[in-house]
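> Straight from TrEMBL, here's the annotation block:
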type	residues	note
BINDING	72	chloride binding site
BINDING	244, 248, 278	Zn(2+) 2 binding site
BINDING	244, 248, 278	Zn(2+) 1 binding site
ACT_SITE	245	active site, proton acceptor 2
């Protein structure tokens, strides 16, 4: 059984004991085995940062944390993030309280308390960083917005195989940006074919450019054939994801003729400066979620009318998808900063992680009150 199978269980099962079993066993099979290697990795990364400081005469790389944060050129970067989180936190707390109440209705008070944290294994995801799979059991107006978009999408494509991304790409020309050419016309050409896997795009782009670069370093990304490699079935989540990934490709194409130093994302967030890349991708993905657009694509019958209840359900679904990730993403980095800065020793890695999970997400590990 692979992690994808476990993910399906967490998303679809409503048996709290099964969910707890899957959640715990996966961690027993991964985290416990990796801890010693991770401790060594922290030591080696910090040593590399210090050596690079000496080589480049940078005195501020006392740990990997300094290396990570240096591109932001902001000495109070973490305190700014804390201020931003303080502004968002009230909305998250309200969402958390509502979800906790709805989960208590499903699982009972013995599994979900009236106050305090939500057990992480009940949040529909291995990491509890997105709660989208809880939508159908918690939406504010259960009798509304029950249209099956996935079935409509499969009916429209005529087959369950994922080979319909090309029509998505062809529509970008309508927006005034670069249209994309059919993949079948490019694979046999003498261009550098690049398979865009949606895990580490920019990191691989840098490596590809280095591999193909001429002696003068004047290679432009116009020599690269951009493609998406995505293993997916036809459903609405992947429909939105394909648009998100097309947003990445459009951003690559927009800056491909810029001087080399500017051929990257405009924000240093995440490996390879993909922070702004993710924003561009999400803008495209969110734009295709509107009911007007879905109706234009004949994925939503004209007889299905919008109402305040339907709009609230839609906004709630977006909240489940987006809001929990905000504290999760921040605490993930905050935990790493504490670990790599030496503020937390290996013996306290796990305890510090769950203390932060409680502080930011109001979630607790399974079996712990």
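Every residue, even glycine, has its Cβ placed from backbone N, Cα and C.
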> Of all the binding-site residues given, 244, 248, which residue's CB has the most CB neighbours within 10 A?
248
> Taking 10 A as the limit, how many CB atoms besides its own sit near the CB of the residue listed as 'active site, proton acceptor 2'?
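Summing over all protein chains shown, the residue listed as 'active site, proton acceptor 2' has 24 other Cβ atoms within 10 Å.
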> Residue 278 (Zn(2+) 2 binding site) has how many other Cβ neighbours within 10 Å of its own Cβ?
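By my count, 18.
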> For the C-alpha pair, I'd like the distance in angstrom between the residue listed as 'active site, proton acceptor 2' and residue 278 (Zn(2+) 2 binding site), rounded off.
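Taking the Cα atoms only, the residue listed as 'active site, proton acceptor 2' lies 9 Å from residue 278 (Zn(2+) 2 binding site).
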> Within 10 Å of the Cβ of residue 72 (chloride binding site), how many other Cβ atoms can you find? Include all protein chains, please.
12
> Give the distance between the Cα atoms of residue 278 (Zn(2+) 2 binding site) and residue 72 (chloride binding site), rounded to the nearest whole Å.
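Between the alpha carbons of residue 278 (Zn(2+) 2 binding site) and residue 72 (chloride binding site) there are 17 Å.
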> How big is the gap, in Å, between the Cα of residue 72 (chloride binding site) and that of residue 244 (Zn(2+) 2 binding site), rounded to a whole number?
25
